[in-house]
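For reference, Swiss-Prot has these:
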type: BINDING; residues: 10, 11, 12, 13, 14, 15, 127, 136, 137, 200; note: ATP binding site
type: BINDING; residues: 31, 36, 57, 58, 59, 85, 86, 87, 88, 92, 160, 172; note: AMP binding site
type: BINDING; residues: 130, 133, 150, 153; note: Zn(2+) binding site
type: REGION; residues: 30-59; note: region 'NMP'
type: REGION; residues: 126-163; note: region 'LID'
């Protein structure tokens with residue numbers, strides 16, 4: 001089960017990825033996490049990435065693909081994985097396809113989360129997380145059962161990301177539509193794309209996702 005979750009920021013990809021992890025036992029792969037792990041582990045590609053970052057430059061697609069490739073070779077990915085927030089561009093999508101093909105692998109499905117822009121801005125504008133465990137909350141949609149106490153770990157410390165506001169969100173959407181939304185057509189043409197209604201209640205979205213996964 002090799003998945004890509006596609007959709008704009010705030011569409012609910014992270015929430016659904018976590019549910020897939022819990023139910024199916026496959027890892028969620030974030031490029032940021034993989035990059036940090038490779039650098040900390042001192043792998044060959046990690047050293048290359050560190051040199052680039054230390055110089056204050058952006059890590060190239062080639063290095064990112066190499067890090068993803070290295071991570072996919074780990075034993076916990078034997079039964080599949082979820083690519084979260086990657087690929088972001090058509091160039092990265094082509095490189096990912098080629099990398100998987102070289103391993104004799106193929107993507108199982110690309111799940112696209114469809115949500116209106118207005119709703120995305122509303123969601124992100126009220127979002128905050130537990131500083132301890134990262135559980136996501138929202139000012140109106142999802143507040144802790146006990147005010148000021150995380151449902152999952154009991155922490156009383158919460159934080160808001162500086163970029164979780166309407167102005168920044170609108171800019172992030174512009175980047176998404178310019179760079180990432182072309183992937184919708186790309187994967188549709190390959191017969192891999194499966195859309196879900198990201199406007200629905202979280203449990204309903206999960207049901208739609210599971211219906212897709214049950215057919216793999």
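Note that Cβ sites are derived from N, Cα and C of the backbone, with glycine treated the same way.
Distribution of Swiss-Prot features across the structure.
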residue : record              : contacts (Cβ under 8 Å, 6+ apart)
10      : ATP binding site    : 115, 120, 121, 123, 124, 127, 169
14      : ATP binding site    : 84, 136
31      : AMP binding site    : 64, 67, 68, 85, 86
59      : AMP binding site    : 35, 49, 52, 53
88      : AMP binding site    : 179, 180, 183
150     : Zn(2+) binding site : 130, 132, 133, 135, 144, 156, 158
153     : Zn(2+) binding site : 130, 132, 133, 135
160     : AMP binding site    : 127, 128, 129
Distal contacts, the region 'NMP' (30-59) - CB-CB under 8 A, six or more residues away: 66-68, 70-71, 84-86
Least buried by Cβ count (within 10 Å) of the binding-site residues 86, 137: 137
Mapped DSSP class for residue 127 (ATP binding site), helix or strand or coil: strand
Local backbone state of residue 137 (ATP binding site), from DSSP in three classes: strand
Around the Cβ of residue 57 (AMP binding site), the count of other Cβ atoms that are within 10 Å: 9
Separation of alpha carbons, residue 57 (AMP binding site) and residue 12 (ATP binding site) (Å): 30
Binding residues 10, 11, 12, 13, 14, 15, 127, 136, 137, 200 (ATP) - maximum C-alpha distance in whole Å: 17
Most crowded position, judged by CB atoms within 10 A, among 130, 133 as binding-site residues: 130
Cβ-based neighbourhood (8 Å from the centroid) of the Zn(2+) site, residues 130, 133, 150, 153 excluded: 131, 132, 134, 135, 151, 152, 154, 155
Neighbour-count leader, CB within 10 A, binding-site residues: 12, 127: 12
Cα-to-Cα gap, residue 57 (AMP binding site) vs residue 137 (ATP binding site), nearest whole Å: 33
Mean of the pLDDT scores, which run from 0 to 100, over the region 'NMP' (30-59): 91
